[in-house]
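Report on the structure given below.
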Ligand code: DC
């Protein structure tokens, strides 16, 4: 955090609602928003598109350094295969270093930024003004993802999605470099039995309190 910038860090597992929450917070305060998962996904997509291997750290790092934060397209990058490939390259320290550098540069934009991901409060922005850890039970997260797919008029297999959510959690929480975990000073928002709207209200009162303390 610089004197002019107010950074909000939002971490949590896949499908906990942190993306929706982050966008609402960024809109509310007029802050820049970065979904850092998209940076891992863009790197993975560039490797896949170029027919490059997903297990060569030096190649993946080179591609990671070429990712343009301004051009990240959620619709294109949200594909399941890209998410799978992203979680494989996200275990590579050199890839993480390259993407974390770009994310940190983004985090200093005035008047403020909201970054969401897995390691924002712990690694990318340890000095963020406010940190949230957004979570929900694996069942609830799988159900949300399932409903979202059905809502688009597509078909889905709940059990497969549930297994996928659990596998992603294991990979995100179990990796050696920057595993997913709440920062010591993060506010916990469990959305298992709380709507995203209620989580937003709770987050807003915490942010407002910090903003008025800093004013
Ligand atoms: O949130 P997502 O599904 O778009 O993330 C894609 C992958 O990138 C996922 O396996 C977790 C990883 N990721 C990460 O390791 N660190 C971040 N800050 C954001 C995402």
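Placement of Cβ uses the backbone N, Cα and C atoms for every residue, glycine included.
Per TrEMBL, the feature domain 'Cytidylate kinase' maps to 8-200.
What TrEMBL lists as ATP binding site is 12, 13, 14, 15, 16, 17, 18, 19, 20. Within 10 Å of the C-beta atom of residue 16 (ATP binding site) sit 27 other C-beta atoms, taking all shown protein chains into account.
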DSSP-derived class (H/G/I helix, E/B strand, else coil) of residue 20 (ATP binding site): helix
Sequence-distant neighbours of residue 12 (ATP binding site) in its chain (C-beta under 8 A, six or more apart): 18, 116, 118, 132, 133, 134, 135, 180
Contacting binding-site residues, sequence order - 12, 14, 16, 18, 20 vs ligand 1, Cβ under 6 Å: 14
